[in-house]
Every structure is written in structure tokens, then in C-alpha cells.
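Everything below concerns the one structure shown next.
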Amino acid sequence: MRGRQRVASKDHILGQDKDENLASVRIQNAKPCWWRSFRHVLVASLSSFLYGYHIGVVNETLESISVDLGFSGNTMAEGLVVSVCLGGAFIGSLFSGWIADGVGRRRSFQLCALPMIIGAGMSATAKTLWGMLLGRLFVGTGMGLGPPVAALYVAEVSPPAVRGAFGALTQIATCLGLMGSFFIGIPAKEIVGWWRICFWVSIVPAAMLALFMEICAESPHWLFKIGRTTEAEAEFEKLLGGVHVKPAMTELSKSDRGDASDTVTLSDLICGRHFRVMFIGSTLFALQQLSGINAVFYFSSTVFESFGVPSDIANTCVGVCNLLGSVIAMILMDKLGRKMLLLGSFLGMAFTMGLQAIAGSSFASGFGAMYLSVGGMLLFVLSFAFGAGPVPCLVMSEMLPGNIRAKAMAICLAVHWAINFCVGLFFLRLLELIGAQVLYSIFGSFCLIAVVFVKKYILETKGKSLQEIEIALLAQEAS
């Protein structure tokens with residue numbers, strides 16, 4: 001009897017162990033609830049909304065601003081009001097990585113909101129051109145700090161299964177910011193001083209970003225990197241749920257943990273052991289801008305008005321195409337993958353630039369030229385928005401190793417801002433010198449170069465953890 005009892009007891013214990021192992025496997029295979037992290041990503045996307053808003057806020061209001069501040073007809077002054085924020089964005093972007101690694105992602109968002117609040121207030125109360133320029137410069141530093149930190153935050157707090165959709169959400173927020181600024185600015189031509197309201201309004205989302213970030217989760221990756229393991233576990237519980245904390249921490253521990261002595265110098269990034277991944281990131285952002293997208297965004301109204309289409313209708317059409325493409329990206333990002341969307345996007349942009357080049361040639365005239373030019377421009381924006389717009393920030397925040405992610409993103413996005421500034425500065429001048437046909441052909445050629453580059457260098461990151469991506473990149477470099 002005693003023998004049978006011992007056997008029964010042993011079988012019972014083995015059965016318990018088996019059940020526990022099966023339960024453990026089920027927990028590891030189960031996907032974390034997306035809603036837990038969605039709330040935090042939604043707050044972070046306010047920085048992208050503000051980025052879009054401040055890019056577009058002077059589009060409809062520039063004429064009123066120039067009259068009120070006494071520089072009407074001075075194209076250089078008008079150009080500075082539009083572009084001085086890009087200089088501020090370059091500065092903000094350049095230091096964003098060091099700020100994000102120094103004070104954390106949450107505090108970086110709050111620091112991003114601060115110059116946007118101050119700058120918007122200065123712009124709204126400006127009495128002279130110099131007051132407006134100083135306000136725009138302040139706003140620009142916040143604009144430059146926000147996007148790289150948002151990309152880092154989304155990559156580090158999102159479950160792998162929905163990271164692509166959450167990355168596209170920041171692009172949707174940018175589109176909504178652009179469209180919001182267009183619609184709020186429409187009364188500026190009829191109501192004296194309305195442009196000041198347009199700047200005051202932007203303080204509300206900036207204040208919401210600073211306030212709500214206080215109750216959002218910090219990046220567990222950043223906490224783990226600086227040795228605050230217990231806090232990283234607590235943040236994982238907040239973002240993923242208690243049952244997913246242990247697997248997440250196990251996955252995180254596969255990568256080397258940094259500490260105060262694990263410093264990464266600028267030379268390490270530019271010409272050291274991280275040169276290859278830095279080259280990939282910087283080139284991808286450069287090709288994104290050399291595709292001509294910001295020339296389209298900045299000067300679409302001019303093209304539409306040349307065919308008799310009012311600027312408010314033009315801006316609405318461009319905004320709707322941008323938003324539609326971003327929604328498509330959010331739906332497809334975690335199904336087709338980042339690489340497929342990038343390839344399809346750059347191919348579509350090359351084709352639509354070809355349509356615009358034909359519109360500028362002698363082969364098209366009258367209504368044919370109008371349909372090719374306007375239709376090509378809208379299709380170009382749509383193609384950009386479902387791939388080349390949202391994917392580079394997301395895929396580079398995934399591909400960059402954890403110990404250099406923040407600083408490397410800062411340098412890559414500084415390249416983005418520098419080329420963005422050059423395209424905006426020289427587009428109209430090049431249009432006069434070489435004509436639309438040649439210029440659009442050059443943009444189209446860069447889109448085709450981007451297709452080849454993406455095919456060769458970009459790693460598919462769909463559904464993989466950041467640690468799995470890092471290991472895959474190391475294997476790729478070794479081969």
C-alpha cells in the first residue's frame with residue numbers, strides 16, 4: 001500500500017510540474033494587451049501632433065503676420081519665418097540623444113514641451129519680426145527634440161506585435177497636427193489678429209504633453225540600461241501586465257546592460273564600430289528628404305494655384321492624402337512588414353514623380369498637364385505617407401543597438417533636418433534654373449536609389465523583440 005501511495009504521489013508531483021510548464025509556455029506565447037501601452041504611446045504622440053502643427057501654422061497665416069509685423073512683400077523675411085524653426089529643430093535633434101539618455105524619455109518629452117510653450121507665447125505676442133523669429137526658434141528646438149524621443153519611446157514601450165501600428169500612430173498625429181493648423185488658420189485672412197490665436201492654441205497640447213507625461217510609464221529599456229532593474233520590472237508590469245514581466249526581463253537581459261562607465265563617444269558613432277548602422281540610418285533619412293517630399297509639402301499651394309485651385313482646397317487635399325496613407329501604414333505595418341512598405345512607397349513615389357516630370361514637359365498641355373501634375377502630387381503624398389514617412393523613424397529605432405539608440409537617432413535625425421533645410425531653401429531656385437521636368441526627374445531618381453538601398457541594407461523587424469533584432473544585426477555584420 002505504501003509503495004502504491006509513493007508512486008501515486010510521484011505521479012501527482014510530475015503532473016503538477018507538467019501543468020506548471022504548460023502554463024508557463026502559454027504565458028510566454030500569449031500576447032500582451034495592446035491597450036496597456038497604447039495609453040502611454042497616445043500621450044507621447046502629442047509631441048508629433050505639435051511637430052505637425054508648428055510646421056503648418058504659418059501656411060495660412062503668413063500673409064497676415066507679415067502685414068501686422070511690417071515685413072509684407074519681403075520674401076527673405078517671410079522665408080525666415082517659415083524656415084527658422086528648422087534651424088532650431090536641427091539643434092534640438094542634435095542634442096536629443098544625450099538628453100534622452102541623461103534624464104530619461106519622460107523628462108525629455110516634458111523638456112520638449114517647455115520651449116514649445118515659451119516659443120508659442122513669444123510668437124503670439126510678437127510686435128516685431130525679430131520677436132517672431134525668436135519665438136519660432138524656440139519652438140523649433142522642441143520640434144527637433146520631440147520626434148527622436150517619440151521614436152525611441154514607441155519602440156521601447158510597445159509589444160512587438162503592435163509596434164509597427166503604434167509607430168504609424170505618431171505619423172497620424174503629425175498629419176492631424178498639420179490639418180489642424182490649416183483649418184484653424186483659415187479665418188486669418190478675414191479676422192485681424194487671428195494669427196495670434198493660432199499660436200496661443202498650440203500651448204494647450206504642449207501643456208497636456210508635459211502634464212500627462214508625469215503619470216506615463218518610463219522606458220524599461222532606459223531604466224535597465226542605467227541599472228534600475230526593480231523600476232524596470234515595475235514599468236513592464238504597467239505596460240504589459242504582471243504575467244509578462246519575467247519573459248520581458250529575460251529578453252532584455254540578453255543584451256548587455258550599460259552603466260555610467262559605458263559611454264559612447266561621437267567618434268564611435270561616426271567612424272568607429274557603429275559606423276555601418278549609422279551609415280544605414282543617416283542614408284535612409286537623407287533619401288527620405290531627397291525624394292522631394294518637403295518640396296511638395298512646402299510648395300504644393302503654389303502648384304495648385306497655378307492651375308486656379310485655391311490654397312485652402314490644396315492644403316485640405318494634401319492633408320487628406322497624408323492622413324489616408326498614414327492610416328494604411330498603421331493597418332499594414334505589422335502585416336506586410338517595414339521593408340515591404342518602404343519598397344512599395346519609394347517605388348510609388350518614383351512613379352508619381354515621373355508623372356509630374358511629364359506634366360512639366362512639352363508632351364502635356366492644358367488639362368492633361370493639370371491632371372498629371374496635381375494628381376501626381378497627391379499620389380506622391382499618399383505613397384510617401386504609407387511607407388517613407390512613418391517607417392524610417394520606427395525601423396531605425398528598432399535596428400539601432402540599445403546602448404547607442406538615443407544618441408544615434410539624434411545624429412540620424414540631424415541629417416534629416418539639415419537636408420530638409422537645404423531642399424526647402426534651394427527648391428524654388430533650382431526650379432527656375434533647371435525647370436520642373438529635370439528637377440522632378442532628379443527627385444524620382446533618388447526614390448529609385450532608395451529602393452535599391454532598402455533592398456540591400458534594411459532588415460525586416462516585424463514581430464521581433466528589440467533584442468532579437470540586435471542579435472540578427474550582429475549576425476548580418478559578421479557575415
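Placement of Cβ uses the backbone N, Cα and C atoms for every residue, glycine included.
Note: TrEMBL annotation is automatic and uncurated.
Annotation source TrEMBL lists domain 'Major facilitator superfamily (MFS) profile' at 40-462. Residues or ranges marked as transmembrane segment in TrEMBL: 41-59, 79-99, 136-154, 166-188, 194-216, 277-301, 340-359, 371-396, 408-428, 434-454.
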Can you check how the pLDDT averages out over the domain 'Major facilitator superfamily (MFS) profile' (40-462)?
-> 87
Taking the transmembrane segment (277-301) as reference, which of 41-59, 79-99, 340-359, 371-396, 408-428 has the most Cβ pairs under 8 angstroms?
-> 408-428
Contact between the transmembrane segment (340-359) and the transmembrane segment (371-396) (at least 3 Cβ pairs under 8 Å, separation 6+) = yes
Tertiary contacts of the transmembrane segment (194-216), as residues 6+ beyond its ends and Cβ separation under 8 Å | 39-40, 43-44, 46-47, 49-50, 53-54, 57, 61, 64-65, 68, 106, 109-110, 112-114, 116-117, 120-121, 123-125, 135, 142, 181, 184-185, 187-188
